[in-house]
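Student: What follows is a structure written as structure tokens; I'll ask about it next.
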């Protein structure tokens, strides 16, 4: 009985070892951003695995609050790779015949969001197996800049800095002097593997070309720096020149403002003078003098006309005189005419004239 039970157990173990299994071990993969990650998943089948073959890849994000996402699936001899929107078009099976035992995938154009645990599940009833692969996406150092922080003068203190624009930690730095490496100060040796070198009491021997290389586990980047230690500059002269230049600029600006204000005042004065009335120009003739001359001319005309045509002419001429001007004519005081006897008038050559009388309405009587 004991021998029979032992035989059954051995057969069961033999059947278990011959069932479906994934030969690829669990592993961790590190890749740079933008590269392609190959995630292996190779399996073997046993004669007892007679069901349909199903292959499923899952992604477990680093955030435990998120559920596992199916990223690609093989079932019923068809491939479905549009389950996960973030990886759509970037995940593919590497083998064209999955039944041959290779369920590996490629993830192209890696992004930081692709970091996580990928799980490969293979099922062919009654056999089932799965493996996990940890994928880490790192950023290569890039855009590294070398520069000097401070004044490059003899006896001064300054810093040599090396800063990459991006790069996943941890980062390693390595400084080298490209020209005359033997003259490298011993005080710098402890800082040749850091991002900053502190220079104390600089001398001309420090001048030269330096390189800084930045590395991490997925790549490296380099920059160059030219150091030229020079004698101290005449700071007093520089400051004096700056002050003089500033004063000259202020004087020029003040002169321009003065000219603009002066021109504006002159234009304003010309406009005011143009609209003023000149006092030496005689005023126009008044309406009163016009009416007076008009009346005088009519009186002279009446004196030279005969009585036969006096009636019609005097009425027409009287009507032409503007009543307003006539009424407004000023009454200047006149002296009474001197009385002259008729015989004397005849000797003087006077001609007797009959002056018709006028009624109130202006008609000649």
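Each residue, glycine too, has its Cβ placed from N, Cα and C.
TrEMBL labels come from automatic prediction, so no person has curated them.
The model shown is predicted, which means the values in this text are computed figures rather than measured ones.
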Student: Of the ranges 239-261, 262-284, 285-307, 308-330, which one does TrEMBL list as transmembrane segment?
Tutor: 239-261
Student: What is the number of residues in the domain 'Ig-like' (33-136) that are helix, strand and coil, as DSSP sees it?
Tutor: 9 helix, 50 strand, 45 coil
Student: Across the domain 'Ig-like' (141-226), what is the average pLDDT of the model, as a whole number?
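Tutor: Taking every residue in the domain 'Ig-like' (141-226) and averaging pLDDT yields 92.
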